[in-house]
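Under the heading transmembrane segment, TrEMBL lists A:6-24, A:57-75, A:82-104, A:124-146, A:158-177, A:210-232, A:244-267, A:287-309.
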Amino acid sequence: MTARDLIPIVVLAVLAALLPLVVTSSPVMNFLVFTLIVALGAQGWNILGGFGGQFSFGHAAFFGTGAYVTAILQLRYGVNAWAGLLVAMAAGAAVAWTIGFLSFRSGLRGSYFALVTLAFAEVFRILANAASFTGGAAGLLIKLDVHPANLQFADRAVFYWLVLAFVTGVLLLTRWIQRSRFGAQLVAVRENEDAAKALGVDSLKVKLRAIALSGAVTALSGCLYAQYFLYIDAHIAYGSWISVELLLAPIIGGVGTVFGPVVGALTLHGLGELAKQFAGRIPGIDLIVFGSVLVLAVAFARGGILGLLERLRDRGRGMMTRGAKEVSHAGR
Amino acid sequence: MYSPQIILEAALNGLMTGAVYALIALGLTLIYGVLHIINFAHGALLTCAMFAVWVAWAWLGLDPYLVIVPLVPLMFVLGYGLQRFVIGPASHGDDGNILLVTLGLSIVLENVLLAVFQSDTRTLDTDYSFQVVALGPLLLSYPRVIGLGVAVVVTGLLWLVLNRTDTGKAIRAVAKEKLGANLVGIDVPHVYAVTFGLGCACLAVAAALLMPTFYVNPRIGGAFVLVAFTVVVLGGMGSLPGALLGGLFIGVVESLCGLLLGDSLGQIGIFLIFIAVLLVRPTGLFGAKA
C-alpha cells in the first residue's frame, strides 16, 4: 500500500469524525450510527461477495452470531463487553468458515451458494427463536449500565466515533486486500475459478479465508448493533432483513470496491429517510425505495454509484482531451 | 409416544399441505428449468395472488375456488409482463443480476402490499373451511382434500401443455438449447415470458387453494418461498414430477417434525433437508446431471 491508497481513507475518516461537533441532534446521530453499523456489516459482505464473487444471501448468520455471542457472554457469564466483542468476531469467523467449508467443498457457487447461505441463516433463526439460552422468542435485553468498560456510552457521539473507527479499520483492511497477493487471488477466483485453479491458486483456501474474514467483520457489526440498541431477538439478529441490507449496500454503492459498501449504505438509508419524510406514515415506504433502487442499479448501473461516477469522470476526461485537441488544431 | 392414528393423520395432513407446496414449487421449477433463473419474487407473487383471492372474497363476495377462473389469466399476464419488461431487460442475461432483480421486485411487491393492506393478518371463512371428510377412522379437512386433488390435476395439465402443444414444444426447445431454438425461428424472449406467466398462473391456483384454511399478510410469501426452493432442489431443478413428489414429501416431513418437535421447530426439518440435499446432491433426486 502507498500513501496514495491511504490518504483518501484517512481524510474521509477525519472529516466524518468532525461531524458530531456540528450535528448534535440525537435522531441524526442515531441515523448515522445505525447506518454505519449496516455499512460495517456490508463491508464484511463485500469481502466475500464483492472481491470473491460469492453472493451470500445469508449474512444474517454471521451478524446474528456476533450479536448473540456478545449478549449471552455478558448476561450469562458476566464477561467484559470488549472481550465479548473479540469472542463474537472469532465466533463469526468460525461459523462462516464452517458454512464455507461445507458449501465450497461441495462445489456450490452462484445461485446455489446464495440459497444454501439463506437456508443456514434460517436454521439459526429458528434455533435462536426456540432455544432457551438465547432467550427464545422474548429475546435478550442487555442491562443498561453506562460505562466505557461495558461498551455503553452516555454520549451518542462516542459510540459514533467507535463505529467510525471500526469502519475506517475495515476500509484500510479492504484496501490492503485489494493490493495484496491474497486479494489478487480472490479476484482471480471471482473472474474465472477454473482458470485461477489452473494457474495454481488454491481456490478453496482463498475462498475460505475470505468467508472467515467476512464473517468476522459482519459479526463485529452485529455485536455493535447489540451494544447500541441493547436488545436483540431472533428476527432482528438472524432475520432475512439484515441479509438483504448487507448485500444491498455494496451492490448499490459499488460491488468489489473499497468505498462501495459505505457509499451504498449512506445512500440507501438517506433515500429511505427522505422517502419517510415525504410519504409520511406509509409503512414500508423506505423498503419500496430500496427495492426499486436495487432493480434500477442492476439495470442501469452495474458498478453501482461508484461505477457510475467513474464512467462520468472518464467521459468528462474524454471530452477534455477532445477539447484540448480541438484547441491545438485551431492554434495551428 | 403418539398413537399410530395420530401419526397417520399428521402424515396425511402433511401430504395435503404438501400438495399446495408442490403447486408453488411447480411454478418455480418450470421457470428454473427453462430460464435457468432462481425467481426470488415467487413468494411475493404468491402473496399478491393470496391478497387477490381475499379481496375478491371480502369486497365482491366471490368464493375462493371460483376466483381461480379470473385469477389464473390475470397472474399469467402479470408474470408475462414482469419477465418481458422488467426482469429480462434489467438483468442483461446474467444469473447474478436476475437473482438481484427478482430480489428487488420481491421487496417492492411485499412492501407495496404492506402499504396498501397494512400488516394485519387476514383470513376468510367459507361454509366448508372446517368441514371434514371421513376416511375410515381418519378425519380429513375438506379444503385440503380438494387441494390435493387440484394439485395433481394441475400438474397433469401442465405436463400436457408442455408435451402436447406447440407452445410446450417451443418451451422445451428453449429450455434445451436457447440458441438453436432462436435459429429455427422461436421468439425466445416471448417463450421466456410465457414460461414465467405459466409459473405465476400456478401461484394463482395455489393461492385459491390455500386461502380457505390459511391466512394472509404481506410477509407470508417468505414462509413459502424457502419451502418451495427446498421442494425444487429436492425434486431436481426443472423437473415437474420431482416438484410434485418433493412437495408431498416436504409436506409430510414438516407435519411430522411439527408433531414431534413442536411448532416452533417444525420447519427446521425442511431446512436441514434443503442444506443436506444442496451439499450432497445439488441435482436433486429427479434432476438431470448439471
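Cβ atoms here come from the backbone N, Cα and C positions, even for glycine.
Given the structure is predicted, the values throughout are model-derived calculations rather than measurements.
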For the transmembrane segment (A:287-309), distant same-chain residues with Cβ under 8 A (at least six beyond the ends): 248, 250-255, 257, 259-260, 263-264, 267-268, 271-272, 275
Dominant neighbour of the transmembrane segment (A:57-75) in A:6-24, A:82-104, A:158-177, A:210-232, A:244-267, by Cβ pairs under 8 Å: A:210-232
Surrounding residues of the transmembrane segment (A:158-177) on its own chain - C-beta under 8 Å, 6+ positions past either end: 1, 5-6, 9-10, 13, 16-17, 19-20, 29, 32-33, 36-37, 39-40, 43-44, 46-47, 51, 148, 151, 183, 186, 213, 217, 220, 224, 227-228, 258-259, 262
For the transmembrane segment (A:124-146), sequence-distant contacts whose Cβ falls under 8 Å of one of its Cβ atoms, 6 or more beyond its ends: 60-61, 64-65, 68, 71-72, 74-76, 152-154, 226-227, 230-239
Long-range environment of the transmembrane segment (A:82-104) - Cβ separation under 8 angstroms, sequence gap at least 6: 58, 61-62, 65-67, 69-70, 73-74, 113, 116-117, 120, 149, 151, 204, 207-208, 211-220, 222-223, 227
